[in-house]
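Student: The structure under discussion is supplied below as C-alpha coordinates; questions concerning it will follow.
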Ligand SMILES: NC(=O)C1=CN([C@@H]2O[C@H](COP(=O)(O)OP(=O)(O)OC[C@H]3O[C@@H](n4cnc5c(N)ncnc54)[C@H](O)[C@@H]3O)[C@@H](O)[C@H]2O)C=CC1
Ligand SMILES: CC(C)CC(=O)C(=O)O
Ligand SMILES: [Mg+2]
(Lines of atoms letter the chains of each structure in order from A and count residues from 1; the text may use other names and numbers.)
(Lines give C-alpha, C1' and ligand atoms only; values in the text may rest on other atoms or scores of the structure.)
(Ligands and ions follow the chains in the order given, each with its own letter.)
Protein backbone atom coordinates (compact mmCIF):
# COMPACT_ATOMS: atom_id res chain seq x y z
CA UNK A 1 0.00 0.00 0.00
CA UNK A 2 1.77 3.21 -1.13
CA UNK A 3 2.12 5.83 1.58
CA UNK A 4 2.50 9.53 0.89
CA UNK A 5 5.35 11.47 2.48
CA UNK A 6 5.16 15.25 2.46
CA UNK A 7 8.37 17.03 1.55
CA UNK A 8 9.16 20.71 1.31
CA UNK A 9 12.08 21.38 -1.02
CA UNK A 10 13.97 24.65 -0.67
CA UNK A 11 16.78 24.73 -3.27
CA UNK A 12 18.00 28.24 -2.38
CA UNK A 13 20.83 29.98 -4.22
CA UNK A 14 24.01 29.34 -6.20
CA UNK A 15 24.66 25.63 -6.60
CA UNK A 16 21.63 24.82 -4.39
CA UNK A 17 19.19 24.43 -7.30
CA UNK A 18 21.84 22.62 -9.39
CA UNK A 19 22.48 19.87 -6.84
CA UNK A 20 18.80 19.70 -5.85
CA UNK A 21 17.93 18.83 -9.46
CA UNK A 22 19.97 15.64 -9.05
CA UNK A 23 18.13 14.71 -5.84
CA UNK A 24 14.88 15.05 -7.74
CA UNK A 25 16.10 12.27 -10.04
CA UNK A 26 16.64 10.05 -7.00
CA UNK A 27 13.21 10.96 -5.60
CA UNK A 28 11.60 10.21 -8.98
CA UNK A 29 13.37 6.86 -8.97
CA UNK A 30 12.00 6.12 -5.49
CA UNK A 31 8.51 7.11 -6.64
CA UNK A 32 8.77 4.77 -9.61
CA UNK A 33 10.41 1.79 -7.97
CA UNK A 34 9.41 1.71 -4.32
CA UNK A 35 6.10 1.60 -2.45
CA UNK A 36 6.31 5.22 -1.48
CA UNK A 37 5.13 8.47 -2.99
CA UNK A 38 6.53 11.85 -2.11
CA UNK A 39 4.20 14.84 -2.19
CA UNK A 40 6.60 17.61 -3.03
CA UNK A 41 6.17 21.30 -2.58
CA UNK A 42 8.96 23.64 -3.65
CA UNK A 43 9.49 27.19 -2.38
CA UNK A 44 12.04 29.97 -2.51
CA UNK A 45 14.51 30.66 0.29
CA UNK A 46 17.57 32.86 0.76
CA UNK A 47 18.61 35.38 -1.88
CA UNK A 48 16.12 34.12 -4.44
CA UNK A 49 13.32 34.66 -1.88
CA UNK A 50 14.63 38.15 -1.10
CA UNK A 51 14.46 38.99 -4.81
CA UNK A 52 10.95 37.59 -5.30
CA UNK A 53 9.29 38.02 -1.89
CA UNK A 54 11.38 40.64 -0.09
CA UNK A 55 12.42 38.30 2.71
CA UNK A 56 14.87 35.35 2.96
CA UNK A 57 12.21 33.12 4.51
CA UNK A 58 8.56 34.10 4.54
CA UNK A 59 6.12 33.27 7.36
CA UNK A 60 4.32 31.00 4.91
CA UNK A 61 7.50 29.06 4.20
CA UNK A 62 8.00 28.54 7.94
CA UNK A 63 4.38 27.36 8.25
CA UNK A 64 4.80 24.94 5.36
CA UNK A 65 8.07 23.68 6.85
CA UNK A 66 6.22 22.94 10.09
CA UNK A 67 3.36 21.22 8.27
CA UNK A 68 5.34 18.75 6.13
CA UNK A 69 7.10 15.56 7.25
CA UNK A 70 10.57 16.81 6.32
CA UNK A 71 12.37 19.70 4.65
CA UNK A 72 15.12 19.24 2.09
CA UNK A 73 17.26 22.35 1.92
CA UNK A 74 19.96 23.40 -0.58
CA UNK A 75 22.08 26.40 0.35
CA UNK A 76 21.68 30.16 0.53
CA UNK A 77 23.74 33.28 0.01
CA UNK A 78 26.03 34.78 -2.57
CA UNK A 79 27.85 37.95 -3.57
CA UNK A 80 24.69 39.46 -5.07
CA UNK A 81 23.29 39.90 -1.56
CA UNK A 82 26.51 40.58 0.35
CA UNK A 83 25.80 44.31 0.53
CA UNK A 84 22.42 43.91 2.27
CA UNK A 85 21.90 44.97 5.87
CA UNK A 86 22.76 42.23 8.38
CA UNK A 87 19.07 41.65 9.27
CA UNK A 88 18.19 41.11 5.61
CA UNK A 89 20.86 38.62 4.55
CA UNK A 90 19.97 35.36 2.74
CA UNK A 91 21.66 33.32 5.49
CA UNK A 92 18.91 34.40 7.87
CA UNK A 93 16.61 32.12 5.85
CA UNK A 94 18.23 28.96 7.15
CA UNK A 95 18.85 30.42 10.61
CA UNK A 96 15.15 31.27 10.91
CA UNK A 97 14.07 27.80 9.86
CA UNK A 98 16.40 26.19 12.40
CA UNK A 99 15.17 28.50 15.17
CA UNK A 100 11.44 28.54 14.38
CA UNK A 101 11.27 24.77 13.95
CA UNK A 102 13.37 24.16 17.07
CA UNK A 103 16.02 22.24 15.10
CA UNK A 104 18.67 22.21 17.80
CA UNK A 105 20.77 19.19 16.80
CA UNK A 106 22.72 19.29 13.56
CA UNK A 107 24.17 15.87 12.71
CA UNK A 108 27.10 16.04 10.29
CA UNK A 109 28.62 12.65 9.47
CA UNK A 110 32.15 12.80 8.05
CA UNK A 111 32.93 9.43 6.54
CA UNK A 112 35.97 8.78 4.37
CA UNK A 113 34.70 6.45 1.65
CA UNK A 114 37.27 3.90 0.45
CA UNK A 115 37.30 5.06 -3.19
CA UNK A 116 38.05 8.61 -2.01
CA UNK A 117 40.90 7.84 0.38
CA UNK A 118 43.37 9.34 -2.11
CA UNK A 119 41.17 12.38 -2.78
CA UNK A 120 41.81 13.68 0.73
CA UNK A 121 44.51 16.27 1.20
CA UNK A 122 45.85 14.15 4.08
CA UNK A 123 47.86 10.93 3.75
CA UNK A 124 45.79 7.80 2.99
CA UNK A 125 46.97 6.06 6.17
CA UNK A 126 45.73 9.02 8.24
CA UNK A 127 42.21 9.15 6.78
CA UNK A 128 41.41 5.56 5.72
CA UNK A 129 38.45 4.35 7.81
CA UNK A 130 37.59 7.75 9.34
CA UNK A 131 33.96 7.73 10.48
CA UNK A 132 33.06 10.74 12.62
CA UNK A 133 29.68 12.16 13.59
CA UNK A 134 29.81 15.84 14.43
CA UNK A 135 26.84 16.89 16.58
CA UNK A 136 26.56 20.63 16.39
CA UNK A 137 24.16 22.64 18.53
CA UNK A 138 22.19 24.71 16.02
CA UNK A 139 19.67 27.06 17.62
CA UNK A 140 21.81 28.81 20.23
CA UNK A 141 25.24 30.20 20.86
CA UNK A 142 26.90 33.07 19.09
CA UNK A 143 24.78 32.82 15.89
CA UNK A 144 21.74 33.91 17.90
CA UNK A 145 23.07 35.58 21.07
CA UNK A 146 22.18 39.16 22.01
CA UNK A 147 23.48 41.79 22.23
CA UNK A 148 25.23 41.97 18.91
CA UNK A 149 26.01 44.79 16.58
CA UNK A 150 28.49 47.31 15.28
CA UNK A 151 28.56 50.58 17.20
CA UNK A 152 30.44 53.79 16.67
CA UNK A 153 32.35 54.94 19.73
CA UNK A 154 32.74 58.57 20.83
CA UNK A 155 36.18 58.68 19.17
CA UNK A 156 34.57 57.71 15.85
CA UNK A 157 36.06 54.19 15.82
CA UNK A 158 33.72 51.23 15.31
CA UNK A 159 33.30 48.28 17.67
CA UNK A 160 31.71 44.98 16.60
CA UNK A 161 30.33 42.54 19.15
CA UNK A 162 28.45 39.23 19.40
CA UNK A 163 27.36 37.18 22.39
CA UNK A 164 28.04 33.48 22.85
CA UNK A 165 25.34 32.41 25.26
CA UNK A 166 24.04 28.99 26.32
CA UNK A 167 21.35 27.99 28.79
CA UNK A 168 22.13 24.73 30.54
CA UNK A 169 19.01 23.08 29.10
CA UNK A 170 20.23 23.86 25.56
CA UNK A 171 23.53 22.14 26.33
CA UNK A 172 21.87 19.18 28.03
CA UNK A 173 19.46 18.35 25.21
CA UNK A 174 22.10 18.37 22.47
CA UNK A 175 24.49 16.42 24.72
CA UNK A 176 21.85 13.70 25.06
CA UNK A 177 21.60 13.50 21.26
CA UNK A 178 25.37 13.03 21.06
CA UNK A 179 25.47 10.38 23.80
CA UNK A 180 22.51 8.50 22.29
CA UNK A 181 24.26 8.45 18.92
CA UNK A 182 27.51 7.28 20.51
CA UNK A 183 25.63 4.31 22.00
CA UNK A 184 24.77 3.20 18.47
CA UNK A 185 28.37 3.71 17.34
CA UNK A 186 31.71 3.30 19.14
CA UNK A 187 30.57 4.73 22.48
CA UNK A 188 32.84 7.74 22.64
CA UNK A 189 31.93 11.44 22.78
CA UNK A 190 34.53 14.18 22.46
CA UNK A 191 32.97 17.39 23.74
CA UNK A 192 34.69 20.52 22.46
CA UNK A 193 34.65 24.04 23.89
CA UNK A 194 37.06 26.68 25.11
CA UNK A 195 36.41 26.25 28.83
CA UNK A 196 39.84 27.75 29.43
CA UNK A 197 38.81 31.18 28.13
CA UNK A 198 35.00 31.32 27.79
CA UNK A 199 32.30 31.27 30.47
CA UNK A 200 29.83 29.61 28.10
CA UNK A 201 32.54 27.00 27.51
CA UNK A 202 32.91 26.40 31.26
CA UNK A 203 29.17 25.82 31.56
CA UNK A 204 29.24 23.58 28.46
CA UNK A 205 31.92 21.36 30.01
CA UNK A 206 30.17 21.21 33.37
CA UNK A 207 26.72 20.33 31.97
CA UNK A 208 28.03 17.70 29.54
CA UNK A 209 29.94 16.14 32.44
CA UNK A 210 26.83 16.05 34.64
CA UNK A 211 24.66 14.46 31.93
CA UNK A 212 27.38 11.92 31.27
CA UNK A 213 27.76 10.96 34.91
CA UNK A 214 24.02 10.72 35.58
CA UNK A 215 22.81 9.04 32.39
CA UNK A 216 25.59 7.77 30.13
CA UNK A 217 28.34 6.24 32.24
CA UNK A 218 28.62 3.44 29.62
CA UNK A 219 29.86 5.97 27.04
CA UNK A 220 33.40 7.37 27.19
CA UNK A 221 33.49 11.17 27.50
CA UNK A 222 36.54 13.18 26.56
CA UNK A 223 36.68 16.98 26.92
CA UNK A 224 38.88 18.78 24.41
CA UNK A 225 39.55 22.42 23.65
CA UNK A 226 38.21 23.29 20.20
CA UNK A 227 41.57 24.52 18.89
CA UNK A 228 43.24 21.28 19.93
CA UNK A 229 40.38 19.34 18.29
CA UNK A 230 41.05 21.14 14.99
CA UNK A 231 44.69 20.06 15.18
CA UNK A 232 43.85 16.48 16.19
CA UNK A 233 41.32 16.18 13.35
CA UNK A 234 44.20 16.75 10.94
CA UNK A 235 46.79 14.61 12.73
CA UNK A 236 44.83 11.68 14.26
CA UNK A 237 41.22 11.81 13.02
CA UNK A 238 40.57 8.13 13.69
CA UNK A 239 40.51 8.72 17.46
CA UNK A 240 37.10 10.47 17.07
CA UNK A 241 33.68 8.85 17.14
CA UNK A 242 31.13 11.57 18.06
CA UNK A 243 32.30 15.18 18.33
CA UNK A 244 29.89 17.44 20.24
CA UNK A 245 30.21 21.20 19.90
CA UNK A 246 28.48 24.56 19.99
CA UNK A 247 26.92 26.21 16.96
CA UNK A 248 30.18 27.94 16.02
CA UNK A 249 32.70 25.24 16.90
CA UNK A 250 30.54 22.52 15.34
CA UNK A 251 30.23 24.56 12.15
CA UNK A 252 33.94 25.17 11.82
CA UNK A 253 35.10 21.68 12.84
CA UNK A 254 32.65 19.95 10.49
CA UNK A 255 33.99 21.93 7.51
CA UNK A 256 37.43 20.78 8.59
CA UNK A 257 36.22 17.18 8.89
CA UNK A 258 34.79 17.50 5.38
CA UNK A 259 38.27 18.15 4.04
CA UNK A 260 39.30 14.72 5.37
CA UNK A 261 36.65 13.09 3.19
CA UNK A 262 37.91 14.78 0.03
CA UNK A 263 35.50 17.69 -0.33
CA UNK A 264 32.82 19.83 1.28
CA UNK A 265 30.71 18.46 -1.57
CA UNK A 266 30.59 15.05 0.18
CA UNK A 267 29.09 15.97 3.58
CA UNK A 268 25.35 15.71 4.23
CA UNK A 269 23.57 16.76 7.39
CA UNK A 270 20.34 16.36 9.33
CA UNK A 271 19.07 19.09 11.64
CA UNK A 272 16.59 17.65 14.08
CA UNK A 273 14.13 18.98 16.61
CA UNK A 274 12.78 17.26 19.71
CA UNK A 275 10.43 14.29 19.33
CA UNK A 276 6.86 15.33 20.20
CA UNK A 277 5.81 12.99 23.03
CA UNK A 278 2.20 12.92 21.76
CA UNK A 279 2.65 12.41 18.01
CA UNK A 280 6.10 10.77 18.11
CA UNK A 281 7.07 13.11 15.26
CA UNK A 282 9.83 15.69 15.05
CA UNK A 283 10.58 18.62 12.74
CA UNK A 284 13.63 17.98 10.58
CA UNK A 285 15.61 19.69 7.86
CA UNK A 286 18.24 18.02 5.70
CA UNK A 287 20.99 19.96 3.94
CA UNK A 288 24.53 19.54 2.73
CA UNK A 289 27.01 21.30 5.00
CA UNK A 290 28.40 23.34 2.12
CA UNK A 291 27.19 26.76 1.05
CA UNK A 292 26.06 28.14 -2.29
CA UNK A 293 29.60 27.96 -3.75
CA UNK A 294 29.36 31.14 -5.84
CA UNK A 295 32.78 30.43 -7.37
CA UNK A 296 31.41 27.43 -9.28
CA UNK A 297 27.67 28.25 -9.47
CA UNK A 298 26.19 28.06 -12.97
CA UNK A 299 29.06 25.97 -14.34
CA UNK A 300 27.39 22.58 -13.95
CA UNK A 301 30.38 21.16 -12.06
CA UNK A 302 29.16 21.12 -8.44
CA UNK A 303 29.28 17.81 -6.61
CA UNK A 304 25.65 16.71 -5.94
CA UNK A 305 26.59 13.85 -3.60
CA UNK A 306 26.29 15.79 -0.32
CA UNK A 307 22.76 16.79 -1.32
CA UNK A 308 21.89 13.25 -2.40
CA UNK A 309 23.34 11.84 0.84
CA UNK A 310 21.27 14.41 2.76
CA UNK A 311 18.20 12.86 1.14
CA UNK A 312 19.43 9.45 2.35
CA UNK A 313 19.61 10.89 5.87
CA UNK A 314 16.05 12.16 5.41
CA UNK A 315 14.85 8.68 4.48
CA UNK A 316 16.54 7.23 7.56
CA UNK A 317 15.79 9.87 10.19
CA UNK A 318 12.35 11.14 9.17
CA UNK A 319 10.81 8.05 7.60
CA UNK A 320 12.68 5.11 9.15
CA UNK A 321 13.39 3.91 5.60
CA UNK A 322 16.78 2.49 6.58
CA UNK A 323 16.98 0.05 3.66
CA UNK A 324 16.24 2.74 1.09
CA UNK A 325 18.71 5.09 2.74
CA UNK A 326 21.37 2.38 2.60
CA UNK A 327 20.48 1.76 -1.06
CA UNK A 328 21.12 5.42 -1.94
CA UNK A 329 24.40 5.37 0.02
CA UNK A 330 25.46 2.17 -1.75
CA UNK A 331 24.63 3.70 -5.13
CA UNK A 332 26.87 6.67 -4.30
CA UNK A 333 29.66 4.29 -3.24
CA UNK A 334 29.31 2.30 -6.50
CA UNK A 335 29.48 5.41 -8.66
CA UNK A 336 32.69 6.43 -6.91
CA UNK A 337 34.27 2.99 -7.09
CA UNK A 338 33.31 2.98 -10.77
CA UNK A 339 35.67 5.94 -11.23
CA UNK A 340 33.37 8.94 -11.78
CA UNK A 341 34.51 12.16 -10.12
CA UNK A 342 33.29 15.74 -10.04
CA UNK A 343 36.08 18.32 -10.15
CA UNK A 344 36.31 18.77 -6.37
CA UNK A 345 37.19 15.08 -5.78
CA UNK A 346 39.07 14.49 -9.05
CA UNK A 347 41.99 12.06 -8.91
CA UNK A 348 44.33 10.93 -11.65
CA UNK A 349 43.04 8.03 -13.71
CA UNK A 350 39.39 8.82 -12.91
CA UNK A 351 36.69 10.18 -15.23
CA UNK A 352 35.79 13.81 -14.62
CA UNK A 353 32.06 14.48 -14.89
CA UNK A 354 29.66 17.33 -14.22
CA UNK A 355 26.75 17.61 -11.79
CA UNK A 356 24.06 15.98 -13.91
CA UNK A 357 26.17 13.08 -15.17
CA UNK A 358 26.97 12.31 -11.53
CA UNK A 359 23.26 12.41 -10.61
CA UNK A 360 22.32 10.20 -13.57
CA UNK A 361 25.04 7.72 -12.59
CA UNK A 362 23.61 7.43 -9.06
CA UNK A 363 20.19 6.59 -10.52
CA UNK A 364 21.75 4.01 -12.86
CA UNK A 365 23.41 2.34 -9.87
CA UNK A 366 20.08 2.39 -8.00
CA UNK A 367 18.54 0.56 -10.95
CA UNK A 368 21.26 -2.09 -10.84
CA UNK A 369 21.10 -2.49 -7.05
CA UNK A 370 17.33 -2.89 -7.11
CA UNK A 371 17.27 -5.25 -10.11
N1 LIG B 1 23.57 26.36 4.92
C2 LIG B 1 23.86 27.28 4.02
O3 LIG B 1 23.00 27.67 3.25
C4 LIG B 1 25.23 27.84 3.96
C5 LIG B 1 25.43 28.97 3.24
N6 LIG B 1 26.70 29.50 3.11
C7 LIG B 1 26.81 30.67 2.26
O8 LIG B 1 27.33 30.28 0.98
C9 LIG B 1 28.07 31.34 0.41
C10 LIG B 1 29.46 30.88 0.01
O11 LIG B 1 30.17 30.54 1.20
P12 LIG B 1 31.62 29.88 1.20
O13 LIG B 1 32.27 30.27 2.45
O14 LIG B 1 32.29 30.14 -0.10
O15 LIG B 1 31.36 28.31 1.39
P16 LIG B 1 30.91 27.22 0.32
O17 LIG B 1 30.65 25.98 1.10
O18 LIG B 1 29.81 27.70 -0.53
O19 LIG B 1 32.19 26.99 -0.61
C20 LIG B 1 33.49 26.75 -0.08
C21 LIG B 1 34.35 26.08 -1.18
O22 LIG B 1 33.91 24.72 -1.35
C23 LIG B 1 33.52 24.51 -2.69
N24 LIG B 1 32.28 23.69 -2.68
C25 LIG B 1 31.26 23.81 -1.82
N26 LIG B 1 30.29 22.92 -2.13
C27 LIG B 1 30.72 22.25 -3.21
C28 LIG B 1 30.16 21.21 -4.00
N29 LIG B 1 28.96 20.67 -3.74
N30 LIG B 1 30.88 20.76 -5.05
C31 LIG B 1 32.09 21.25 -5.32
N32 LIG B 1 32.70 22.23 -4.61
C33 LIG B 1 32.00 22.73 -3.56
C34 LIG B 1 33.23 25.88 -3.27
O35 LIG B 1 33.36 25.90 -4.67
C36 LIG B 1 34.24 26.74 -2.52
O37 LIG B 1 35.47 26.71 -3.18
C38 LIG B 1 28.08 32.46 1.46
O39 LIG B 1 27.07 33.36 1.14
C40 LIG B 1 27.78 31.72 2.75
O41 LIG B 1 27.22 32.53 3.75
C42 LIG B 1 27.78 28.87 3.66
C43 LIG B 1 27.61 27.73 4.39
C44 LIG B 1 26.33 27.15 4.64
C1 LIG C 1 23.89 30.18 8.42
C2 LIG C 1 24.95 29.38 7.74
C3 LIG C 1 25.42 30.16 6.55
C4 LIG C 1 26.06 29.07 8.69
C5 LIG C 1 26.89 27.90 8.23
O6 LIG C 1 27.99 28.03 7.75
C7 LIG C 1 26.32 26.57 8.37
O8 LIG C 1 25.27 26.40 8.97
O9 LIG C 1 26.99 25.63 7.90
MG1 LIG D 1 29.09 26.15 7.68
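For all residues, glycine too, the Cβ spot is worked out from N, Cα and C.
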Student: Per TrEMBL, which of 108, 148, 158 sits in the substrate site along with 98, 136, 227?
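Tutor: Answer, per TrEMBL (substrate site with 98, 136, 227), from 108, 148, 158: 108.
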Student: Rank the recorded positions 98, 108, 136, 194 by how many other Cβ atoms lie within 10 Å of each Cβ and give me the one with the fewest.
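Tutor: Each of the recorded positions 98, 108, 136, 194 was scored; lowest Cβ tally within 10 Å is 194.
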Student: If I take every residue in the domain 'Isopropylmalate dehydrogenase-like' (6-362) and average their pLDDT values, what number comes out?
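Tutor: When the pLDDT values over the domain 'Isopropylmalate dehydrogenase-like' (6-362) are averaged, the result is 97.
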Student: Which recorded positions, if any, among 90, 108, 194 have a Cβ under 6 Å from ligand 2, given in order along the chain?
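Tutor: By the Cβ criterion, which requires under 6 Å to ligand 2, there are no hits.
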Student: Other residues with Cβ within 8 Å of the Cβ centroid of 227, 251, 255 at the Mg(2+) site?
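Tutor: Sorted by sequence, the hits are 226, 230, 248, 249, 250, 252, 253, 254, 256.
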Student: Here the recorded positions are 86, 143; which one has the lowest number of other Cβ atoms no more than 10 Å from its Cβ?
Tutor: 86
